[in-house]
Amino acid sequence: MTSDRSICLPVFLFIICISRTFVLGEQQFLEKPLPYQEVSSGDDVKLRCIVQNKGGQCIWQKDRRPVGIQPDKYEWANSRGSGDCTLVIRRANLYFDDGFWECQVTSSDFTRQDALSSEQSRLLVKVKPKEPQLEYGGAILGATLTLQEGQEVMISCVSKYGNPPAVIKWFIGNKEEKSYTSQSNATEVDNPKTWAAHSFLRVRGRRENHGLPIRCVAMHPTSLTPMSTETRLDVHYSPEVRLEMGPQPLMTAPEDSVSFLNLKCLADANPVPSIKWFKDSVPLDRLLIDATSSPSPSLTQGKTTELNDTVWSAKLHFEPVTRNDAGLYSCKAMNNVGESAPASYRLDVQYGPKEKSKDGNVTSMNVEDMALLSSAVAPFECSEFEANPSPQYRWVHLRGSLAEPIENRVQNKGGGRRLHLENIMWSDEGEYRCIAFNTINGVKRETSSNIRYVLHVTGPPEIQVKPLLGENLFESVGWAGEPVHRLKFRFCSRPPPKLVAWQWGSSHLRAGESINPKYDALPLEPIIENKMVTNCYWAKLEIKNLRKEDARMYILLVESEKGRDSTNIKLIVRDPTEMRVIAAAVAVGLLFLLLLISISVYSLLRMRRGRYRQKVEEEGSIAADALYSNGASMDQQKSINSSHAKTFARKSSLDDSQGVYDYSRIAKQTRAMSPEALKVRRAPAVLQPPTIV
């Protein structure tokens, strides 16, 4: 019994203590001030503090010092009886309100010792800093920072009198740069409540950064918009040049006295450069002043112009370009930093062939050579031509008004300059011309040499007539009664022939002789080709008042110191009446042929017309089986009715006054007729106006 009492006593005392706590209400914090709060200078702020079962008095301390309630400055947010110890600070001020605040509550009873004290709450009164400043070398940096290419300097940015300190970032152009060291913050000497933020940036002079802004951006919680300051980089660097040919794109190769071009030198430099032109390493100014060595009077040099802040342009104008302008053009640019490497462009001017001459004057002259018959020679070499691209050569043989091209089978390094002939014939005699050519922009340019190359052939006589049927025999056809009939042959001989004679039967007639009044051997007629007398002649025999008895074999004989040649010609004399008979027969044949064609066309048309009429009759007739057959389909009947309706419509259009249609005028389909159908009489159909109901 005693032991049970000893156990129940402590439990009873614990229950009494717990009950006393809940019944009497020990005070405690329901909400404490936030560990950190910010407020902009001049704004109101609440420091929240809620106490449960508050029995003591609310007290606030700042920086370990008590703060009393001041109307319109420090006020209670609500009635303290509810346990709300929240403090309202009006028009927060950096000097009075920035610091560490504590919410304290005195003991509800001196015997309980339940006083409360919160952790310190940092209240930061935000103060907007001044505009940031850039500094270089201990002085404020101006609008530009001038650097030589490759030079490195240290600049700083400072943001002063801000609370909390601003966060500084660097930008060059739109690219963020990393600061040289971490940002340093220090309190202001004259205002310890505010801060000065310092940041450093190492800047290197690079030409690609010329003209870009260096921006220091200060970000602070007092403003959504960062504050910034900037300076512009002015990087001095030596020029770089490049050349451009205009117009672009250059579709065709520059051609002498045709193409209009310009050559542009672009210099990238800072500061302003001076641009100089060179041709084949010689200053162009000197060439333009020296008239004797000037590239071309059409070449002009333009002034240097500014394209943008760092790019400058100078032009050469070729209006038009000439062959003398060809060469290596280069340009350089210089400024007080340095000199550029040259940029070069080789101007290749294309032009057609032009004959070279030693004294500058090209005069025409004749070059003659002699070749043996049936030999192979290379008699002539063409004069040299200048051209770009390099010229090729071809030869033509002038024969009368014709120019026959010569195929040079033997090629050599001269591009066909030397003429090669094989198996020399009399037809190879005469004048040759050399033509130089090249191709510019797809167009062939040709120039003939002013030199006339004349080839003389030496050999025995040769009569130049193609024989008939592979035999040494020729035919000449004449008509009886012809006043004069001429036998004519061409032959060549060098040296000139000693004997040219015509022979027939027992007659023998030399050139220049005659047998009156019938035969006349005309004198030899030298052949002139291209205004040159050749070693060839015409031999002619005239036979007057031609008769059938003159039909026989005639012989031409040519003889010189080197040999002889002869040929036979058969004279055929025809009666003119034969020609009339042939003409009449041809006319009769043509008439008969036309008659056959006419009959064939008529028969064909008649046949096609008969087929067409039969087709029309078949389409317009009605079979008896179709009228009296019980098995006829409705579709067939409708088709027949439709056909008849069309026929009636056509007839009514022809005769509007006739209202009756006779079925006897409708053609019957004979192949579908039956004997019963022939007995059917069809009553005439009368068209009546429609009845209106």
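Even glycines carry a Cβ here, placed using N, Cα and C.
The domain 'Ig-like' annotation in TrEMBL covers 10-117 (among others).
DSSP labels the residues of the domain 'Ig-like' (132-234) in these numbers: 3 helix, 61 strand, 39 coil. The annotation domain 'Ig-like' is assigned in TrEMBL to 132-234 (among others).
In this model, the domain 'Ig-like' (239-348) carries an average pLDDT of 89. Under the heading domain 'Ig-like', TrEMBL lists 239-348 (among others).
The annotation domain 'Ig-like' is assigned in TrEMBL to 353-450 (among others).
Annotated signal peptide per TrEMBL: 1-25, in sequence order.
Positions annotated as transmembrane segment by TrEMBL: 581-605.
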Structural state census, the domain 'Ig-like' (239-348) (DSSP three-state): 12 helix, 54 strand, 44 coil
